Amino acid sequence: MSENLIIFNAKVVTPLGFSARKGKEMAELRILEKATVEVVDGIITYVGPNRGEVRDGYYHHFWHYNARGKCLLPGFVDSHTHFVFGGERAEEFSWRLKGESYMSIMQRGGGIASTVQATRELSFIHLRSKAEGLLKKMTAMGITTVEGKSGYGLNRETELLQLKVMRSLNKDEGVRVDIVPTFLGAHALPDEYKERPDDYIDFLIRELLPVIQRDSLAEFCDVFCEEGVFSIEQSRRLLTAAGDYGLLPKLHADEIVPLGGAELAAELGAVSADHLLHASDAGIEAMARKGVVATLLPLTAFALKEPYARGRDMIDAGCAVALATDLNPGSCFSGSIPLTFALACIHMQLTVEEAITALTLNGAAALNRADSIGSIEVGKKGDFVVLDSDNYHILPYYVGMNCVNTTIKGGMLYPSV
């Protein structure tokens, strides 16, 4: 199919800009009725009123798409997922219903450790096949760019294997989503390094970072900076070393306790800090000053029955807030964009407009891609979502139900049915 596309009779709904929108800016959307969007070789070349040339047959080398007044949004950017893994952890859901916490399950050998074992047992082919199946479900909900993390290997071989699976999927023209790889070797402490976290950080720096740089396997380095996992100092040391190897810093921060991860993210100039359920006021203010994107994951708080991150407070403090699914096999086995919208609006007090910005332009900024995706503007990729309605407020209103009619990736059409 050609990557030349003309979309007409669309209701364009988009944030604007080539960087993250902060604070009050998040509520500002451009809305164009009866609009045309032109895509040439996968790149947007025109956004504006309907053109007579469409009727006159000027675009005879283009695919034509009549949006019939439906909303046309930027493709959704899911900037925090763990979609490459082996096994499943369905039994943990029942354990949590009986009162066990995420950390108590992890400490008794469940949680991440059980996924690590299952992932280490899978071949490249089986790991890739499982990941591709999850991606297909996610793209049907309008996701056109997704971040993926390693972190279920915790050894040299399997950490690299996860990253190579993502690279393989990214090169496959049949996969309808761009994948942004993140190295999360510091996701948990493996049994081989039990009670030796400093030695494990040394191992990651010595054995993995040079290979990841050499083979261009990741763009970011993430760390689970949390009490009982990796300390502030250990996180600082790894992320600083990763920067020397060309990887940009991200953090799982202040998810379980207010450890100071948000403050560390600001100190290091991290691209994003994620979770932030227990981020302090000082941490939020520091992130706002330094331009660290606050990536909030409402599906995880929902699944764990935890308090939601203070999205409203973060926006009011001037933060750039992004939303993501945190799809993973344990704490949140869901890639539901519709439910993410609903929970963010209901429990984090985001407006619908702010939530749209959070799942498009600010999600792109959390992946260092706001210059090329995340809004419908000339020069950006032709990644779009067509809703089933001319009213974008259905995004949270359809609680958990998919309201995406068609996903358009690089100018190519993919109906959601």
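The first residue you see is number 1, and the count goes up from there.
Heads up, the Cβ atoms here are built off N, Cα and C, so glycines get one too.
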The Zn(2+) site in Swiss-Prot lists His80, His82, Asp326. Which one of His252, His393 belongs there according to the record?
His252
According to Swiss-Prot, Asn328, Gly330 bind N-formimidoyl-L-glutamate; so which of Tyr59, Tyr65, Tyr152 is the extra one listed there?
Tyr152
Quick check for the class: what is the C-alpha distance, in angstrom and rounded, between Asp326 (Fe(3+) binding site) and Tyr152 (4-imidazolone-5-propanoate binding site)?
14
Glu255 (4-imidazolone-5-propanoate binding site) to His80 (Fe(3+) binding site) - Cα separation in whole Å:
14
According to DSSP, which of helix, strand or coil covers His252 (Fe(3+) binding site)?
strand
Between the Cα atoms of His82 (Fe(3+) binding site) and Ser331 (4-imidazolone-5-propanoate binding site), what distance do you get, rounded to the nearest Å?
11
